[in-house]
Each structure stands twice: as C-alpha cells, then as structure tokens.
C-alpha cells in the first residue's frame with residue numbers, strides 16, 4: 001500500500017510539473033547533441049596524406065611567387081574537443097565563421113546530417129528558452145509596475161524595453177569587447193565590439209575569430225567560455241527583440257504593412273459557419289426526437305373517427 005501511495009504521489013508530482021520536466025529534458029538533450037557533434041568532429045582527421053601533398057604543392061607554388069610561409073605556425077588544436085564544440089555551436093546557430101571546415105568526405109557528410117537535424121533543434125531550444133525567460137524578464141515586471149504603482153502599461157513597457165536593451169548592450173557587447181581586447185593581442189576595442197556584433201547577429205563573417213593565436217593561454221577553457229558566451233548572447237538578443245515586438249506602438253506600426261482581410265469574405269465565412277452550426281443543431285434535435293419516440297412505450301390511441309362514433313352513440 002505504501003508503494004502504491006508513493007507511486008501515485010510521484011505521478012501527481014510529474015503531472016503538476018510536466019512543462020518543467022519537458023523543458024529540462026529539452027535543455028539536456030540539446031547540450032548532449034552539442035557534445036555529440038563535438039566528439040564526432042574531433043575524431044575526424046584534419047588532412048589525409050593526399051590532401052597534405054596537395055597543400056604542400058600549393059605552398060611551394062606560392063613560395064615561387066614570393067609568398068613567405070616561414071612565419072606561419074601550425075598546431076593540433078583545430079579539431080580538439082573544445083574547438084570542435086565551438087565549431088558545432090557556430091554551425092547550429094548558423095553563425096558559421098568559416099575559419100575551420102571539415103575537409104574529409106565523412107566530415108562533410110556528417111556536417112550536412114548534423115546541421116539538418118541540429119538547426120531545427122536549435123530553433124526549438126531557443127524558442128522554449130526565450131518563451132520562459134520573457135515571462136520573468138518582461139511581462140511580470142511590466143504588470144507589476146502597472147498594477148502596483150498605477151503607471152500606464154504602454155509607458156512602462158517602453159521604458160522597460162529601453163532599460164533591457166541598455167543592459168543587454170552593456171553585458172553582451174561593451175564588457176565582452178573590453179575583455180576580448182585584453183585577451184586577444186591583435187584586437188583593439190572596436191575590433192572586439194565588431195566581433196561581438198557580427199557573432200550575436202549570426203552574420204559570422206569569420207575575419208575575426210577568438211582563440212586562434214599560437215600563444216593563446218588556457219585555450220580549452222577560453223573556447224568553452226566563448227561557446228557559452230555565444231549561446232547566452234543569442235538568447236539575450238532574442239529576448240530583447242521579443243520584448244520590443246510586444247510594444248503596442250510597434251504592433252500598430254507593423255499592421256500598416258499587413259494584408260487586410262475583406263469584410264465581405266469574413267461575413268461570408270461567418271454565415272457559412274453559422275449555417276453549418278444551425279443545420280447541425282437541427283439535425284441533432286431531429287435525431288433526438290426520433291430517439292425519444294423510439295424509446296416511448298407503445299400506447300393504443302383511438303382514431304378521430306372512433307371518437308366521433310362514440311360521441312354519437
């Protein structure tokens with residue numbers, strides 16, 4: 001009996017928090033999918049022997065034209081686990097810097113299949129995360145100031161959107177740009193800010209990529225931090241965009257460009273719907289009457305002629 005009570009309590013607990021459990025499974029599944037891609041990408045070899053020979057031939061040809069490659073450095077960090085994790089995050093977020101690409105046929109085929117499944121998975125993940133965050137970050141604060149302090153809801157929404165935008169720019173553009181300008185030897189503040197904007201807007205030109213220097217310290221930890229920054233920054237950008245899209249003034253502005261429905265078509269649809277509903281109701285009423293008649297007990301009723309004859313008698 002105790003086991004049955006415990007089982008029923010667990011079932012009730014799961015039913016009450018089903019949305020939270022589903023969201024937790026979604027986040028866990030997305031993180032595992034990122035790790036899975038990183039493991040597979042890191043297992044592929046960078047260059048085959050034939051491709052290496054072709055690369056050396058191009059280097060020799062370039063040297064004949066006066067291009068020096070002696071200052072270049074090479075390493076094995078392009079496809080280690082942290083670099084592969086960073087590559088997988090840029091692929092799924094459609095940023096795609098293009099500085100590191102799979103060269104083998106197996107790597108290219110896996111990248112196609114991984115992206116076809118992973119990009120819709122990423123959209124689902126981001127939509128679920130933003131939908132939950134915006135409730136606590138945007139809607140509840142606006143309603144609190146509107147109900148508790150009696151301010152106009154539209155004015156509070158505008159001020160809140162401006163403050164949220166300023167906080168997002170500060171924590172995901174200005175401060176990271178200052179950090180990148182310190183950690184990257186060849187980047188100034190403008191170039192670092194440029195990288196943040198190009199990355200979080202998912203443009204991903206690839207002319208500036210952090211953590212690619214030969215003397216980069218704590219490369220693995222640095223790459224993981226950049227991956228987390230890109231995911232969190234993308235979520236923050238979507239939250240800000242959704243907050244501005246919910247402004248009443250912006251909704252009115254967007255309606256200027258929407259296609260308006262004809263009122264006659266709407267009335268025709270309403271009349272057709274009403275006719276269908278009325279006909280269905282009448283059909284149901286007729287069927288109910290038939291059922292009632294069928295279920296009534298049999299009663300011998302006298303005909304009008306028999307009644308007249310009895311009266312005459």
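Placement of Cβ uses the backbone N, Cα and C atoms for every residue, glycine included.
Here TrEMBL flags 20-41 (among others) as transmembrane segment.
Averaged over the domain 'Potassium channel' (60-133), the predicted model has a pLDDT of 81. The domain 'Potassium channel' annotation in TrEMBL covers 60-133 (among others).
The annotation N-linked glycosylation site is assigned in TrEMBL to 72.
If one looks beyond the transmembrane segment (112-134) by at least 6 residues along the same chain, the residues whose Cβ comes under 8 Å of a Cβ in the stretch are 23, 26-27, 29-30, 33, 37, 40, 88, 91-94, 234-235, 238-239, 242-243. Sequence annotations record features per position, and here TrEMBL assigns transmembrane segment to 112-134 (among others).
Residues 137-138, 141-142, 145-146, 187, 189, 192-193, 195-197, 200, 210, 229, 232-233, 236-237, 239-240, 243-244, 246-249 of the same chain lie 6+ residues outside the transmembrane segment (155-180) yet bring a C-beta within less than 8 angstroms of a C-beta in it. As annotated by TrEMBL, transmembrane segment applies to 155-180 (among others).
Per TrEMBL, the feature domain 'Potassium channel' maps to 170-245 (among others).
Residues of the same chain lying 6 or more positions beyond the ends of the transmembrane segment (192-209) and with a Cβ under 8 Å from any Cβ of it are 90, 93-99, 172-174, 176-181, 184, 230, 233-234, 236-237. What TrEMBL lists as transmembrane segment is 192-209 (among others).
Positions annotated as transmembrane segment by TrEMBL: 221-241 (among others). Long-range contacts of the transmembrane segment (221-241) within the same chain, counting only residues at least 6 positions beyond its ends with a Cβ under 8 Å from a Cβ of the stretch, are 82-83, 85-86, 89-90, 93, 95, 126, 129-130, 133-134, 137-138, 161, 164-165, 168, 171-172, 176, 183, 196, 199-202, 210-211.
What TrEMBL lists as region 'Disordered' is 283-313.
Per TrEMBL, the feature compositional bias 'Polar residues' maps to 298-313.
Each residue in the domain 'Potassium channel' (170-245) gets a DSSP state, and the totals come to 53 helix, 0 strand, 23 coil.
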